[in-house]
Amino acid sequence: MTQTALRAAAIAGTGSFLPERIVTNDDLAAELATRGIETSDTWITERTGIRQRHLAERGVATSDLATEAARRALADAGVQADELDLIIVATSTPDFVFPSTACLVQAKLGNKGAAAFDVQAVCSGFVYAMSTADAFVRAGRARCALVIGAEVFSRILDWNDRGTCVLFGDGAGAVVLKAADAPGILAAELHADGSQMNILCAAGNVAYGEVTGDPFLRMDGQAVFKQAVNVLEKSARQVCADAGLTLADVDWLVPHQANVRILNMLARKLDVSLDKVVVTLDRHANTSAASVPLALDAARRDGRIKSGHVVLMQGVGGGFTWGSVLARMS
Ligand SMILES: CC(C)(COP(=O)(O)OP(=O)(O)OC[C@H]1O[C@@H](n2cnc3c(N)ncnc32)[C@H](O)[C@@H]1OP(=O)(O)O)[C@@H](O)C(=O)NCCC(=O)NCCS
């Protein structure tokens, strides 16, 4: 990477990719029933707003989904893979212990030489990655960055735990950030509280040639719910203040897609109309680090998010982590 003058970062393109296989709540309820586990479309829809999720077939890895989303974002931005000088993948379900999923994506895209690394902040991963890429661009250490959120969360779910397995899906979303004269990224703020690691974790690892600990996602749903609403509200107010804007200036809220009741409560606390909240969790479920870029791309492509709009992206999840990125769309 070469050192250049300070500058701003702007969103030049977005893309996303979902595995083909759709599993509805009814499909899932029928599958779980074969193992004596009871759930229903009514319970899942009423408690979460989720109606279906996309699940990757065995053998399809995070880097596969990430690469497809990246290709679409590059095409949208009119950028060639060899123009990239920074690739960041936010994921908690990497293909390997190492190399990073970002390096695998780089190879699949045919880029050589860009810096490439993963960011691990679970469902806050995409806002962590965007904030990192923005800092690289503003510091003059990158000119053209690819930021991806990609997950195959289906691989770390305990499919015998109805309290978690109904909540998640697989997918990927990507953004191309380019150096620009005027800021696209207006402000960003990130936080973590590691003392709350136990409310949402997958506390397993690979060591001595075997899996150690518990490789499945575990969650205290009610604790996560309460924390999520609180921290997202505070973070939304802070990032707007940092940018010298108010919530009234925000055209679209693109929050992490976990539970529609969290989004409704957040909108009420922030006094933001529900019409301004992008919701994709009904179709995608919770895709962790992929949820925000998937929602951003969906709302851009269906024409809701337009050039000049101010978009507030928010992540929250395991760690416990949370954060926001405020952007004006190019
Ligand atoms: C997980 C969540 C949907 C559970 O909803 P809830 O209203 O808190 O429900 P509870 O956990 O109190 O469970 C209520 C009952 O439903 C049952 N239940 C849990 N999952 C169920 C399912 N899939 N189908 C049917 N019943 C279910 C529970 O066993 C419990 O039964 P009981 O009363 O007989 O003990 C909710 O807490 C939530 O969404 N939390 C946030 C999770 C999240 O967003 N995580 C990711 C953040 S990044």
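Glycine too: its Cβ is placed from the backbone N, Cα and C atoms.
Annotation comment: TrEMBL describes 117-194 as domain 'Beta-ketoacyl-[acyl-carrier-protein] synthase III N-terminal'.
Secondary structure at C123 (active site), as computed by DSSP, is helix. Taking all protein chains in view, 32 other C-beta atoms sit within 10 angstroms of the C-beta of C123 (active site). Summarising the annotation, TrEMBL assigns active site to C123 (among others).
Residues or ranges marked as domain 'Beta-ketoacyl-[acyl-carrier-protein] synthase III C-terminal' in TrEMBL: 240-328.
Around H256 (active site), a 10 Å sphere centred on its CB holds 31 further CB atoms from the protein chains shown. The feature active site is assigned by TrEMBL to H256 (among others).
What TrEMBL records for 257-261 is region 'ACP-binding'. Outside the region 'ACP-binding' (257-261) by six or more residues, the chain places 47-50, 123, 167, 224-225, 228, 279-282, 284-287, 291-292, 294-295, 316-317 with a CB less than 8 A from a CB of the stretch.
Counting every protein chain shown, 23 other Cβ atoms lie within 10 Å of the Cβ of N286 (active site). The active site annotation in TrEMBL covers N286 (among others).
H256 (active site) sits 7 Å from C123 (active site), counting Cα to Cα.
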